[in-house]
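According to TrEMBL, the feature domain 'Major facilitator superfamily (MFS) profile' maps to 34-471. Among the features that TrEMBL reports, region 'Disordered' is placed at 504-529. The transmembrane segment feature in TrEMBL is assigned to 71-91, 103-120, 132-152, 164-186, 192-213, 282-305, 317-337, 349-372, 378-398, 419-436, 448-467.
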Amino acid sequence: MGLSGATTTSFAHIPNNTKPQWWKDSGLRRNVLHCAGVCLCPFYLGYDQSLLAGLQAIPGWQTYFGRPTGTYLGIIAASIFLPALIVAFVADYLCTAFGRKKIIYVGSLLIVIGGVFNALSQSGGQFMGARVIIGTGGAITKVAAPALLQEIAHPRYRGTIGTLYYSFYYFGSLTAASMCIAGLYIKSEWTWRLPCMIQIVGPFFVMALLITAPESPRWLAKKGRHEEARAVLVKHHANGDDEDPLVEWQFGEMLSALQAEAKVGQASYMDFFKTPGNRKRLWINCLLGLASNWVGNGIITYYLAPVLRTVGITAPDVILSINVGYAAWNWMCSFIAGTNSERLGRRFLWLACNIGMAVSFGFVMALSGIFAQTGNSAVGIAVVPFLFVVHFFYDIGYITMNYSYTVEIMSPSMRTKGLALYIFFNNLGNAFNQFVNPIALAALTWKYYAVYIAIDLFIAVIVYFYFPETAKMSIEEISMILDYPLKDGRQRVLEVMEERRAAEQDELARTKDMDEEGKLEVSHIEERK
């Protein structure tokens, strides 16, 4: 387990000027540190979701904001997601024009500003306004960060690091849950203001860790800055070895993919409708955006306190303690799944995730219904471990792969556009879901879980018939896989990439021969003179 580079890949045989273990190699340690900085971008959202769940258990926050419930609570929860409906597309333009790294800084700075205003809010309107600023910055980083991560990570570790990206969401969640417990014992308005203020810690660390990080070599190459792109690979993937075979292989694959795209012309959102492969990328992307918040996770994450109250658990310290344990559990589950994603495979994790959630929600629904009928406290308490089981299955799929899978299946020039669309549908679904959940939960109570059981089973069927396996492939190879049938897509991609590399070698040899002939002709002319 861990960031092991020992898996069999299409490039496993290529020599590389790095040590097998990343922690023993200075260049790889630097690369992993930069990747960790990018992975901290979801900290703000994990912090926010656990924060709002925790604040609902803090009497001081409830009193200050008039004990929000129903529609009012739904609007507060949804306010952080609404900006992304527009901002995600602006972020795509900014990432395409100015690069990934700079835009991460812009988004992180906005999260810091929003976090400060959130902690100093004097009214419900200000509290929601601050959350809108946080959501704006978050939408920007959610487009830029996954793209930069996949494009700067060393190829041996890209698959694993990519699936670990969103697990850091739970680092934020665990921090917020712990701060809410601390806030419970503060006898002033800082009982809730302090937990709100700590939200700025994550983006501060993002900016600090990325100071020495490179810009995406794929973006540099796309802009025609080939020497700079190659220099990034030489420095960060080969410890400065300018003739490293793995660097040459990466650079060749990168240029091949860009040259293939250049024949199509300038990328636009309309390209998603032009080919069967792009249409598959589009609907899988949109499905994952909606599904990541429509499989039942939101009802537990944001509304843990109301859910626990429906089964008789009402003490603030007990609710907050469960919130801490819940966050720690989720981080552990997503981290273990992420570090094993290359070994287990994406399809297995997607299927286990959705089927497991459906079965687990069945137990939650049954136990909640029995408690509602009998009032038996033991039955109510029995619901709690099954909430943990539900999120175990959610973590191994939607936390581990939601962003990484979206980035992987996109072609280089469509990558941030795909992320923008994913985030649009993700936040559209989340905003609607978080608005509806407290209303539906109050009206239907335990019967509401049946909706999510049906959705989870439906998505499992879709995964089985349409989602390709992407483990143990380079990002350029994965970006082509949806252009071929599910059954033999992997093999077809490897064959095409091999043909491209062979054609490039032939072209280089032909160019070299022409140069040699030119030199020979010049030498004959000189001799005759």
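The backbone N, Cα and C atoms fix where each Cβ goes, and this holds for glycine too.
Highest Cβ contact count with the transmembrane segment (317-337) among the listed stretches 103-120, 132-152, 378-398, 448-467 falls to 378-398 (criterion: pairs under 8 Å). Using a cut-off of 8 Å between Cβ atoms, the transmembrane segment (192-213) and the transmembrane segment (164-186) share at least three residue pairs, counting only pairs 6 or more apart in sequence.
Residues 31, 34-35, 38-39, 41-42, 44-45, 48, 79-84, 87-88, 90-92, 94-95, 100-101, 103-104, 106-115, 117-118, 158, 161-162, 165, 199, 203, 206, 213-214, 216-219, 232, 236, 403-404, 406-408, 415-416, 419-420, 423, 427, 475 of the same chain sit 6 or more residues outside the transmembrane segment (132-152) yet have a Cβ under 8 Å from a Cβ within it. In the predicted model, the domain 'Major facilitator superfamily (MFS) profile' (34-471) has a mean pLDDT of 87.
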